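Listed in TrEMBL:
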DOMAIN    29-536  domain 'Amino acid transporter transmembrane'
TRANSMEM  55-76  transmembrane segment
TRANSMEM  118-142  transmembrane segment
TRANSMEM  162-179  transmembrane segment
TRANSMEM  186-207  transmembrane segment
TRANSMEM  227-245  transmembrane segment
TRANSMEM  257-283  transmembrane segment
TRANSMEM  303-326  transmembrane segment
TRANSMEM  455-471  transmembrane segment
TRANSMEM  477-497  transmembrane segment
TRANSMEM  518-540  transmembrane segment
Amino acid sequence: MAAKNPESIQSSTLSIIQMDDFNSTDLGVFAHLLKGSLGTGILAMPNAFKNAGTVFGMVFTLIIGVVCTHCVHILVHSAHVLSKREKIPSLSYADTAEIAFKSGPPELQRLSTFSRSFVNIALAATYYSALCVYIVFIATAIKQVADYHYPLGTTADETINIRLYILMLVPFLYALGLIRNLKYLVPFSALANVFILVGFCITLYYMFTDIPDTSDKVEITSDFSTLPVFFSTVIFAMEGIGVVMPLENSMKNPGHFLGCPGILNIAMLIVVGLYAIIGLFGYLKYGDGVDASVTLNLPLEDILAQVVKILIAAAILFSYGLQFFVPTDICWPMVEKHVSEGKKNILQNVFRLSTITATGYPPSPRQVIELIDVSEGKKNILQNVFRLSTITATGYPPSPRQVIELIDVSEGKKNILQNVFRLSTITATGYPPSPRQVIELIDVSEGKKNILQNVFRLSTITATVAVAIAVPNLGPIISLVGAVCFSTLGLLCPAVIETATHWENGLGKFRWVLWKNVVIIFFSLLALITGAYTSILEIIKEY
């Protein structure tokens with residue numbers, strides 16, 4: 001049995017809420033589990049049924065629901081087994097993966113540290129990818145209402161491009177992403193809950209009212225080539241595994257989470273039932289014309305429908321800060337631990353690499369200074385370096401004369417200036433420096449880590465915006481995220497973890513646990529490969 005490593009077994013901060021601050025009763029955990037599983041993905045279920053047909057969609061939605069619920073079961077049960085074995089009160093998702101590999105076969109024991117990093121990266125990638133979907137969803141809803149009230153032409157090409165709507169969201173995303181204290185995000189989350197509930201109820205009213213005879217517009221089974229999109233979309237909609245471990249660890253009575261009926265079983269029964277019903281009736285209502293989000297099919301001429309679109313868009317926008325907290329809490333410590341005491345400020349370079357290289361729409365120096373907490377004496381240096389960076393982004397790096405004229409530095413700061421200038425000219429060639437180059441060139445002192453964290457947050461927000469701008473189509477991006485991220489985190493990882501956990505103590509008669517998990521792993525990889533392939537082909541075809 002592997003010895004416990006105190007430094008690597010740390011309590012997780014992967015919850016979107018402070019677990020000490022909320023009611024950890026069975027009812028409270030049940031409510032949070034429902035909220036974590038019933039996200040915006042439910043609005044994409046009618047589009048999923050369009051890619052599968054009514055019968056196939058209903059049957060396989062239920063099957064996928066059972067598989068996803070089982071994967072949550074085996075993850076939590078594995079955490080319980082490992083917790084007792086290692087005498088650790090509670091384990092996070094990453095902790096569970098690491099200890100499971102340490103107790104698995106020799107081939108996996110060597111990968112225990114990697115497994116922890118893999119799960120953390122998968123969690124971060126999943127949340128960041130979901131944030132990209134959020135941005136596209138918000139921009140699409142706003143564009144639809146705005147185009148109705150302020151038409152600039154008669155064709156889609158003559159209306160305002162959706163990418164401009166995405167760029168309009170950037171100031172709000174920056175503001176929400178820079179909030180570090182969760183208590184300040186609570187009002188936004190509460191307001192988002194109200195908006196989403198009202199919007200969802202009105203959407204159901206439209207869906208179940210005057211359902212037309214669509215027997216000639218819907219398919220019982222769909223073409224085989226569209227099934228990967230169906231699987232990817234359903235997995236995206238249904239997976240809420242990222243909040244499971246923090247919720248279970250917070251319970252006063254953890255034994256009530258699993259079992260029969262158990263909180264998990266009851267919650268997932270409701271979730272799977274709602275997803276199947278919404279998917280079926282949304283498809284029956286709108287047929288093959290159903291959009292990536294069913295709210296986009298609501299009649300624009302109705303004021304109530306317009307209110308729904310804006311309410312749900314606002315709800316998702318207000319949820320951005322809370323969802324952004326999770327991957328930031330994972331990734332920032334990875335960056336921070338590489339920052340040594342004697343290092344200098346990388347603010348200018350990281351911010352330019354993200355805002356200029358990624359989006360091509362750099363904010364003004366005044367906006368940067370207002371967003372980022374720098375001392376009064378350093379604002380002049382920051383503004384001048386930012387000017388040099390924006391000049392560099394045009395493809396014409398500043399000459400040494402321009403550098404000397406713009407920035408008045410003392411002898412002791414020439415080294416900093418030289419490094420900033422090097423990074424600026426490297427980026428001008430079209431090949432931005434790697435993180436290792438940045439770290440080697442530039443130092444950050446302990447007192448400036450606060451600034452660096454703000455820059456890191458702005459950089460990751462900008463990256464989500466850049467992805468949304470690159471692929472501003474809701475359908476393909478949902479299926480791509482579901483295929484790559486959610487199938488890995490929700491299906492592949494739990495199956496591997498359970499196999500490693502029970503490797504020493506036996507895998508059941510005829511090693512049925514192993515064979516069962518092999519089937520789950522095969523299904524997850526099949527969903528990943530086919531779903532990603534189909535989604536990428538659709539993106540290439542469209543753009």
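Placement of Cβ uses the backbone N, Cα and C atoms for every residue, glycine included.
Remember, TrEMBL labels are computer predictions, not curated facts.
Listed by sequence, the residues of this chain that lie at least six past the ends of the transmembrane segment (118-142) yet keep a Cβ under 8 A from its Cβ atoms are 14, 40, 93-94, 97, 162, 165-166, 168-169, 173, 236, 242, 292-293, 295-296, 309-310, 312-313, 316-317, 319-320, 323-324, 326-327, 330-331, 334, 460, 463-465, 467-468, 471-474, 477-478, 481, 484-486, 488-489, 493. The recorded stretches the transmembrane segment (303-326) and the transmembrane segment (186-207) share 3+ CB pairs below 8 A when only pairs 6 or more apart in sequence are counted, and are therefore in contact. Between the transmembrane segment (257-283) and the transmembrane segment (455-471), the number of CB pairs under 8 angstroms, six or more residues apart, is fewer than three, so the stretches are not in contact.
In this chain, the transmembrane segment (227-245) lies in contact with the transmembrane segment (477-497); the count of Cβ pairs under 8 Å, excluding pairs fewer than 6 apart in sequence, is at least 3. If one looks beyond the transmembrane segment (55-76) by at least 6 residues along the same chain, the residues whose Cβ comes under 8 Å of a Cβ in the stretch are 45, 48-49, 93, 96, 220-222, 227, 230-231, 234-235, 238-239, 241, 244-245, 248, 257-258, 264-265, 268, 271-272, 275-276, 279-280, 283, 490-491, 493-495, 497-498, 520, 523. Counting residues 6+ beyond its ends, the transmembrane segment (518-540) has Cβ neighbours under 8 Å at 67, 70-71, 225-229, 231-232, 235, 471, 473, 475-477, 479-480, 482-484, 487-488, 491-492, 494-496 in the same chain.
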